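Shown next, in structure tokens, is the structure this report addresses.
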């Protein structure tokens, strides 16, 4: 799209013809012709198709910016904002625990968090100290980090699935002075107790008898019952740019990293979600996501903390209870992530799926292949798909329901929100540079790395990084938009269409090249999963000795050994190109997922198609016979020797 050139040419022609003495109507008509001929018509088309969307997005951006500016000038923090909300509506339900039925009003959440703040100050903790929080998602989880924040103490929110070395690593890198763990996590803490050091204070919360408490652990609940519940006489000198808590990355590509969440980032994420999807003051939000991640704790719980919505928590997603919970608690907004929507679709059809009041589903990772099936099947009018990591400064949101899109950036107002797709070497993920040393922007339709220009003075564009300086530096590139600037590297490849809609491409390693073609793992996964009734599927490329590229391999959940590979292959041939059909199959009891329901492929890729690495059933596609054959050590050796044509 050559809008600057088109505009310049049309204005120049208008002036020239006017100087030659032609009537202005003729001059204008000629100038318009030059404009259209120079590519301007495409620009007008884009304006007509996207103006409404872009203006709404601009209004959201301005609204969030003004709210943040007001809170910064007032010296607010997230706890202060919450206290104002609690004072306005003390008796409204703030948090509901769907697992236990326990309900907390805003006054109760405020009182509990006040007790936490007073207790830890009495124990000698000072603003800036770190306390690790390790318990399942329930109201106490929110009250603990909120209370610590009231005292200026930074909470390190630990993934409840961590065990042994990763758990000890996360505790060590956080520099925590204390650990608060739930009774349900006692066994996990016991496994690493010798690695934690005697200086680490331990507090246990929840239903756990004194005889079951680990040595050197104090019972937190009785201590909180004795602590003052009045607001702190003097709040710590904290502001919107100070640290609120740490959230750990999922660790799918290595050990988890502690991402720094400052008060303004918490506000920004929650506010963008609230305004982008027009949430209402009387909404009830269903949050079954982990609270140790930003989707559940900021996008979800943030609606309670900042805007006063009621949030219904369930500590662990349950496909069979999802819609029952929504009906029971009159939920109007639900959250999803990863494969949750697919899990819901594969449940038996029940009447309750249509008796709910849910109008909006907010999240990320909804596959385009099941997008409309989900909205039509469950009667959910709006999907609020968004893209953004906890620490990133280039989040985007799909505000108008464009199927398959994870968000947009305006093609008209490109500089209002300075993010960009840049060309990269997809093997190394290093940005490519032009002759001036700047990154090369992608054209519509070209896949590129999403980057966001950094401005530490702007709460919408700052990048706070990680506790580890080296990890932070790896995510920053310089001279990206212009000489001397800096930008955040998302690590994710997206594609933008002509209208500015962006579509998520797989992370590096999730596409592979086979028979001269690029194979999208998500596309193959979606096809296989649909053929098999929304079964869990992981698709990845594996190297075969002496063969160029990588062969496709599919790991399929088959807990009851019911899958017939060759019946599946007959259907697969109808819907997948030959180069995309998996050469290898691995049938296993279940496919590993992360705590946020993303497929884990690291171990599967490492073990490949070697039967010595697994007891799972393996199959190999013999192209001559046109069928999958069992793959044992003898067949494996023949494949590696090149006896089969792949």
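Every residue gets a Cβ built from N, Cα and C, even glycine.
Swiss-Prot has this to say about the protein:
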type: BINDING; residues: 246, 247, 248, 249, 250, 251, 252, 253, 254, 255, 256, 257; note: AMP binding site
type: REGION; residues: 191-475; note: region 'Sufficient for oligomerization'
type: TOPO_DOM; residues: 1-13; note: topological domain 'Extracellular'
type: TOPO_DOM; residues: 35-646; note: topological domain 'Cytoplasmic'
type: TRANSMEM; residues: 14-34; note: transmembrane segment
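Within 10 Å of the Cβ of residue 246 (AMP binding site) there are 27 other Cβ atoms, across all protein chains.
Following the DSSP three-state reduction, the secondary structure of residue 248 (AMP binding site) is strand. A 10 Å cutoff on Cβ-Cβ distances gives residue 256 (AMP binding site) a total of 20 other Cβ atoms nearby, all chains included. Counting every protein chain shown, the Cβ of residue 248 (AMP binding site) has 25 other Cβ atoms within 10 Å. Averaged across the region 'Sufficient for oligomerization' (191-475), the predicted model reaches a pLDDT of 93.
In the three-state DSSP scheme, residue 256 (AMP binding site) is classed as coil.
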